[in-house]
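Undergrad: Quick one: structure below, then a few questions.
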Amino acid sequence: MNNGILHQNYNSKKFDIIKISLASPEVIRSWSHGEVKKPETINYRTFKPERDGLFCAKIFGPIKDYECLCGKYKRLKHRGVVCERCGVEVEQAKVRRERMGHIDLVCPVVHIWYLKSLPSRIGLFLDMPLKNVEKVLYFESYIVTDPGMTPLEKKQLLTDDEYAEALENYGYEFEASMGAEAIRDLLADTDLETEIESLQAEYEESKSTAKKEKAIKRLRLLETFQASGNKPEWMVMTVLPVLPPDLRPLVPIEGGRFATSDLNDLYRRVINRNNRLKKLLDLNAPDIIVRNEKRMLQEAVDALLDNGRRGRAVTGSNKRPLKSLADMIKGKQGRFRQNLLGKRVDYSGRSVITVGPSLRLHECGLPKKMALELFKPFVYSKLRLGGYATTIKQAKRMVELEEAVVWDILEVVINEHPVLLNRAPTLHRLGIQAFEPKLIEGKAIQLHPLVCAAFNADFDGDQMAVHVPLTVESQLEARVLMMSTNNILSPASGQPIITPTQDIVLGLYYITREKEGARGEGKLFSNYDDVSRAYNSGTIDIHAKIKLRIDRQVFDTKGNTYNEKGVVNTTVGRALLLNILPEGLSFSLLNKVLVKKEISKIINQAFRVLGGKATVVLADKLMYAGFKYSTLSGVSVGVDDMTIPENKEAKVEEAEKEIKHITEQYQSSLITENERYNNIINIWSKTSDEVGASMMDAISKDTVMVNGENKEIESFNSVYMMAKSGARGSYNQMRQLAGMRGLMAKPDGTMIETAITANFREGLSVLQYFTSTHGARKGLADTALKTANAGYLTRRLVDVAQDLVVIEEDCGTDDGLMFSAIVEDGEVKVPLVERALGRTLAADVVTEKGVVLLEAGTLLDENLVEILDDNGIDMIKVRSPITCKTRRGLCAKCYGRDLARERKVNVGESVGVIAAQSIGEPGTQLTMRTFHTGGAASLGITVSDIKVKTAGKIKFKNIRTVTNKDGQNIVISRAGEIIVSDTMGRVREQHKIPMGAVVPLASGKGVEIGDVIATWDPHAQPLITDVAGKVVLEDVIDGITSKHTYDDLTGQQTIEITSISQRTTSKNLKPVVKVVDEKGNEIKSISLAVGAVLNVTDDSVLEVGDVVAKIPLEGSKNKDITGGLPRVAELFEARRPKDAAILSPCDGMVRLGNRDTKEKQRIEILDKSGHIAEEILLPKSRHLVVFDGEQVSKGDVLADGPTDPHDLLKYKGLEAFADYILIEAQSVYRMQGVVINDKHIETIVRQMLRKATILDEGDSKFVKDESIELVRILEENDRLAKEGKRLVEYELTLMGITRSSLSTESFLSAASFQETTRVLTEASIHSQVDQLRGLKENVLIGRLIPTGTGLAVRKESNKIEKMREELGVEDNMIFTEASSFNTEDTLFENQIEKEDKDINDDIEESLRNALESLDF
């Protein structure tokens, strides 16, 4: 008996896949334990369930354990007996959570999901519009199901009158009916095979794309039904399953009333209507009444399944829509997200956090009361083992009375038992870390100050939760993987996240500053102890400059050791810190003024050279010192610390005078409104900066007497020190405190032109205060929106990347991405060394002389990237997650180094989730606004030349030049760049050169710092001719396509091309400048864009390099740039921008002006033989950047606009696309000063490229133009290659993260993300199988996730499975009695034991490796 139970429970957990499909009536009946016939629930007097009702004990099982309803059979001994009086089986009461019932519907009912979830599956299957299907279903029209010999058509709709007429004319030769029966008959009658064949023929023959698309959609649906084993008529239900009663409870509340689940109401409506319909049919009621009742039954079932999907939602007594079955599973409060993906856990507590400055990094302070509650079971068992209590009850009593011995035992229990601390919101994995608890009095949890940055915690009332890992394994994982001391580096950037902030920084800054003429200056000390004694006795000042003899051992990153010896100039404070500095680090790290950045460097260096353990100790010591000396320094802020500059009033008056002058100019109509506004904003910006500068001058210098003369030294002003050290505050805030507040922004981002001239020390007037509130309120509103948006972005990212895990060491590819330094505005923002660190080389690194420096497959560490730098390598090929060939995962080599652990990434690391967290976590720091360029935001001066900042050589890239009559070299190419390399050949600068720029030097020439390498007109883009000849103007007609103006002063005529939208007639005219030779043959034609101002007239003579026309740049620059969070979301969602740039689909020559239509212009691209290879239609308002007859390559820009990532991938290839996303996303984060490693963005990009489009199906089952998972195509190609058949050809398709998440192979993961109804409908028709590969699916069904230690466990269990199969052992043999084992089983048991030992050894080994790498 017992084994049966075990077996039953064991099996319920053991499955490999989950399949979802349509349920047939037979299947529904097989689930059921009886039919629910009555709408009654329970008897309100006896509280017993009614028989055959919704809570019937006979159908669903007993209410009390092992007790039938009437009480005849009680106790376990009667288990399994069915009571003959009440018909209830004697069982556990929990079967009421599992047993289902059913309702036999009198007439069929359509399942609303397959009707209304778009696209309507029933409509598509029957090839009928949804409206028509609804008319039939809700009894408005008849539908012909069998036309017989009549001229009626199958599926033709008939109104009542038409039906009556047809009956009169044809009698009963045809069949027509209405309601779900009709639909069911039509579905059942469809012959799938013949229908599929006719559709395939239609698809082949059809010429129109719309028809083809419709045919292919229908074809796919029919093929799905054919393949999945689902019958189409199952979309119409004849039997309705009833949920087990304990999942829709009815609970008595005081006052004799009941609280009930909405589902019971919905079921009661269905049963009532079903029973009424049965009665009406028995009575042979009139057709119209029956019809109405059938319609109501359909509506009742609709409401039960998905309330509100059709028509108005059914409401309860309180006017609230009832919660249907569909509502139970979808949304944040649904089953998936509320109960399966996020559960509440036992053994946890929460409390306010407070600062624990005396803790060590791996400790936290846990209030005694809390600890006792959390560790109760451990305390109970220790009390029994120690002999203090004989029973658990006694132990419990002792704990409740809080006897003295309990506290002693609690100390023992919590010793070295780590607890997890978590602060919500947990934006990245460092939001949960493990600490060793220390018992403290009070009720607040004490947190170590250095981990605040990781938790983003402060002590203004934040709360944190504590969780206790119970099992030994979980304690081990907490200690090895989650301990705060093992999480020194941030997984997002690889930089230390444990760096001192605020008070600590201030203290260290204060004691490392020097003061002229301080007490004890110039003394020489022989060691640290002498300095310490002298300082403690008060003979020397902490800021005094002294000399100190040192003798230390120093290690470098390459592992070499050298001695640091001799006398150094230092200060007393720095000498005192020498005691903290561990052996191996140079004193020069400390021997300077320690601002925040420098302290970070020390910790970084310590980690690189000495490893984790020493770094943790150093960080703690730095913290103690920082706190100690910031206390001793007595730094505080007073009103007098804010020094207002003396020249402030004069500056403000001067600005007001200038503004008055500008206003007068505006009133005399000499300048425009826009110029007036911009000038005023400029003046106030400048004034504000000048006042700020004078304030900084005043506040940053002090005058002291040294040897009787005045000397200027750096100030010890408190506010200045706080800002300078990086502890708190910034220059901007100081300016507002003591300078002037300056310009304020309106909520839309534009500046208010009346600046605030007061500062906070003087105080603001009412008007100025009001002006300030504008921006401040916007800030608060923004923050609230931003948090939600950033959270949603993180959720989408996690969802798309959750199943990406490192599953093998090496995929063996030699593909990769080309990496070079990132250059913005000509400056190197991110050097190659930083980008290459921690990546694997995909190709050998070779010098110009052909020497192989580093071989492919090398993992670049700090020492190896220096080799790149030393040899002036400016481009390398590295392996990338995007190009990794591993299927359903990644390989360790393509991913490279694990940023948080500084070694190669482990197999089993869930890199997808880490990537998503790294990108999403800083989301709240990004701005929400779009930047308005033009106006106040772009106060930068317009750039019109390029001066080099590095001495070296210049090199042209994609630059074509012509020499004009003045001997100048004019650039005539569009996307040209000049690269500046230093003397070593390393790329130091990279500048984009606009068309029309003059370049004085040739490629390959040497340059010095400050040399000008290009100049151009910043206000206009010139159109330049590269041929000489005579001008013929075509379609340049005054008043129609152009505007001719004469300047009376100079007598010159200007011709400006007007916009098409301003023309009333002649919309097909295209203004062109043609250059002809002496015989009048055309050599070149230059099309003129809107706004172009001509420099030539008819019959002008042109030389090579002359300017034909200029396009003013004002109009094109004043666009909004989407910045911050919306930009990142836009990139990852792969949205197509409005008016995107048009790229050339192939190589060839451009031909314009041929067969243009009224509204559109046509670009034709001719191949080498002169045939049209591709043609593109564009609105005439779009500005083309190519000329007639120009040669273009695939992917060249034809019409400018923002980049469309889809086109970039299609025409320029994977690498160009990857580059674009990386650079764009990184520039947003860089603006906010956030460092994220490239590989995280690449990891997400990989997930956006999971699908591919079939170009040629080969010998596969796929259909051309179908979009399919890349993995499936590759697997199919492997199969075809084995059989020697034609392979599938495909191209990668780009999908945004939301679409990518919804189209994953796992329907569980997709359904728990968004659009649950749609996903489940789709999956059930396909009879989809979920292989449970990802993390989310396994969390949903409550298993270990297949990553980290879970992956090891899964691999081992798969091994055991395999052995089971080989030995032919069934599962239940494990549960048979030992005596009945045969030899084979015993052999198997031994094998299992050995395997178990192996598993333990494996896990032990992986943990040992982890421990070793962590330096314990």
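Quick reminder: no glycine exception, Cβ is built from N, Cα and C everywhere.
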Undergrad: Which of these, C811, C1146, does Swiss-Prot say binds Zn(2+) 2 at the same site as C884, C891, C894?
TA: C811
Undergrad: State the Cα to Cα distance, in Å, between C811 (Zn(2+) 2 binding site) and C68 (Zn(2+) 1 binding site), rounded to an integer.
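TA: Pair distance, Cα basis, whole Å: 63 Å.
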Undergrad: If you measure D462 (Mg(2+) binding site) to C891 (Zn(2+) 2 binding site) at Cα, how many Å is it?
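TA: Here the two Cα atoms are 40 Å apart.
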Undergrad: Quick check: of the binding-site residues listed here (C68, C86, C884), which one has the Cα closest to that of D460 (Mg(2+) binding site)?
TA: C884
Undergrad: Between the binding-site residues C68, C70, where is the Cβ count within 10 Å the lowest?
TA: C70
Undergrad: Nearest by CA distance to C83 (Zn(2+) 1 binding site): which of the binding-site residues is it, out of D458, C891, C894?
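TA: For C83 (Zn(2+) 1 binding site), the spatially nearest of the binding-site residues is C891.
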Undergrad: Counting all other Cβ atoms within 10 Å across every protein chain shown, which of the binding-site residues D458, D460, D462 scores highest?
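TA: Sorting the candidates by Cβ neighbours within 10 Å, the top entry is D462.
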Undergrad: At the Cα level, what's the spacing in Å between D458 (Mg(2+) binding site) and C894 (Zn(2+) 2 binding site), rounded?
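TA: That separation, Cα to Cα, works out to 38 Å.
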Undergrad: Pop the Cα-Cα gap between C894 (Zn(2+) 2 binding site) and C70 (Zn(2+) 1 binding site) into the table, whole Å please.
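TA: Spelling it out, the Cα of C70 (Zn(2+) 1 binding site) and the Cα of C894 (Zn(2+) 2 binding site) are 69 Å apart.
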Undergrad: Between the binding-site residues C884, C891, C894, which lies closest to C86 (Zn(2+) 1 binding site), Cα to Cα?
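TA: Closest recorded candidate to C86 (Zn(2+) 1 binding site) by Cα: C891.
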Undergrad: Compute the C-alpha separation of C894 (Zn(2+) 2 binding site) from C68 (Zn(2+) 1 binding site), stating it in Å without decimals.
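TA: A Cα-Cα distance of 64 Å.
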Undergrad: Per DSSP, to which secondary structure element type does C86 (Zn(2+) 1 binding site) belong, with helix, strand and coil as the options?
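TA: The residue in question, C86 (Zn(2+) 1 binding site), is coil (DSSP, three-state).
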Undergrad: Same-chain residues six or more away whose CB lies under 8 A from the CB of C884 (Zn(2+) 2 binding site)?
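TA: Correct list: C811, T813, L890, C891, C894, Y895, R1246.
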